[in-house]
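Student: Annotations per TrEMBL:
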- 3-83: domain 'GST N-terminal' (DOMAIN)
- 85-208: domain 'GST C-terminal' (DOMAIN)
Amino acid sequence: MAAKPKLWYFCGRGRMESIRWLLAAAGVEFEEEFLETREQYEKLQKDGRLLFGQVPLVEIDGMELTQTRAILSYLATKYNLHGKDLKETVRINMYAEGTLDLMMMVAVAAFKPPEEKEESLALVVKKAKTQHFPVFEKILKDHGEDFLVGNKFSWADIQLLEAILMVEELDASVLSDFPLLKEFKTRISNIPTIKKFLQPGSQRKPPPDSHYVEIVRNVLQL
């Protein structure tokens, strides 16, 4: 029996959360090692396990993978969530990159002073409403299918749902002008593996709080 993938990161969302989402959606059980001290991080570096000196680190299939987008791409391909051909794959990549950009704005805002954080999060909501969500609403309207690409569940669907839920934590009414995205959210949330991941007690992480920010700062010496 193959070993479970092992994830090395902080006990919070950050750059690892989309990886957790993708594994969970694929129905893959995984283990986590949380970084809580500078010493843990320095040991990973000393042992040569962090290619560019950064986490996330994922152990899978006898490899130690770093760099978030590379990890996500590998997992999406491995678990048949990356399209049936190159044209579908590049569309999935485009949509996933777009939502990643939005979610990273949320992740970075947690480390800003209170006033700047509030402004940054307000900008996230504005960009979601005016730039990102209109694009996905149009995609769903134009092809009239249940999923974003090829009428088949993919990494793009997983990541869009993650982004929607993240922005809804900032503004619960953010989808009020996007009826197709509302339906999409309900539809994808009810896929059994995702429904399970959304239940309390799963490995999904909560929004970043001051404790998480303090640990990250201490470990990375920010």
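Here the Cβ of each residue, glycine as well, is placed from N, Cα and C on the backbone.
Tell me what's around each of these sites.
Tutor: For the domain 'GST N-terminal' (3-83), the model gives a mean pLDDT of 93.
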Student: When secondary structure is assigned with DSSP, how many helix, strand and coil residues does the domain 'GST N-terminal' (3-83) contain?
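Tutor: Grouping H, G, I as helix and E, B as strand yields 29 helix, 16 strand, 36 coil.
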